[in-house]
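Okay, so here's the structure we're looking at.
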């Protein structure tokens with residue numbers, strides 16, 4: 001549905017109040033918004049790689065870019081820093097993020113590659129930004145903090161550290177926002193490649209985007225089994241969310257960075273955004289950052 005190609009399209013969020021899909025292109029340092037009505041993509045350029053975007057209750061967005069949390073005012077394009085983190089790790093940046101059921105913004109970091117396929121291990125962390133702008137560190141020694149979401153009963157937090165090739169489940173205290181007691185939920189099979197972004201549907205099942213696997217997979221958290229696979233027409237599938245007027249459509253982002261010229265010539269859809277219909281299920285609306 002979005003032909004405008006993204007170097008590293010990520011973190012799609014359906015914004016009901018704008019009837020639009022908001023997402024980031026990490027490596028182009030842009031926050032983007034696509035209208036299915038006009039088919040137009042608008043974007044705001046920022047001064048660092050932007051890993052995630054989330055809706056803000058009072059309008060505009062909260063973003064995680066470079067190693068800082070910030071607010072983005074869409075109309076003025078102003079970016080206001082809330083807090084800087086990890087200033088001792090100049091090679092780190094924020095990656096995926098999402099707002100929890102109580103309006104707190106969870107986002108994690110990762111080390112950038114210093115050469116193709118080379119990155120320092122366990123340099124990342126997972127943070128929670130509270131509505132009063134305070135921050136706690138939830139996880140340490142993470143490789144690539146990635147996809148995240150919460151169970152429908154708000155008792156479980158799901159998280160992907162991509163280089164574990166797995167989805168983990170944590171107990172989650174909705175009152176404090178704290179997570180604890182990680183356990184392995186699903187380990188990806190070889191052809192599924194590496195897990196990236198993730199979202200939950202209205203039945204409480206998880207959808208995981210498989211980067212370099214060219215697919216999204218549906219996992220049942222109760223059984224830890226994969227129950228569905230949807231293949232996409234390009235390999236670097238990065239994230240997914242539900243949207244549309246009744247949240248019955250799935251939007252899927254992709255990337256073209258990381259593909260060599262020969263592969264790119266064979267991958268005309270790399271970096272585009274896709275819509276999957278006919279899944280038979282629905283998603284749930286995104287939470288708003290409560291400040």
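Including glycine, each Cβ sits where the backbone N, Cα and C put it.
Bear in mind that TrEMBL entries carry predicted annotations, made automatically and left uncurated.
Residues or ranges marked as active site, proton donor/acceptor by TrEMBL: 196. When Cβ atoms from all protein chains are considered, those within 10 Å of residue 196 (active site, proton donor/acceptor) total 27, not counting its own.
As annotated by TrEMBL, divalent metal cation binding site applies to 10, 146, 196.
The substrate binding site annotation in TrEMBL covers 93, 95, 113.
Taken from TrEMBL, the feature domain 'SMP-30/Gluconolactonase/LRE-like region' covers 8-255.
Cβ neighbour count for residue 113 (substrate binding site): 12 (other Cβ atoms within 10 Å of its Cβ, all protein chains included).
Within 8 A of the CB centroid of the substrate site residues 93, 95, 113, the other residues of that chain are 26, 49, 51, 92, 94, 109, 110, 111, 112, 119, 144. When every Cα pair among 93, 95, 113 is compared, the largest distance found for this substrate site is 13 Å.
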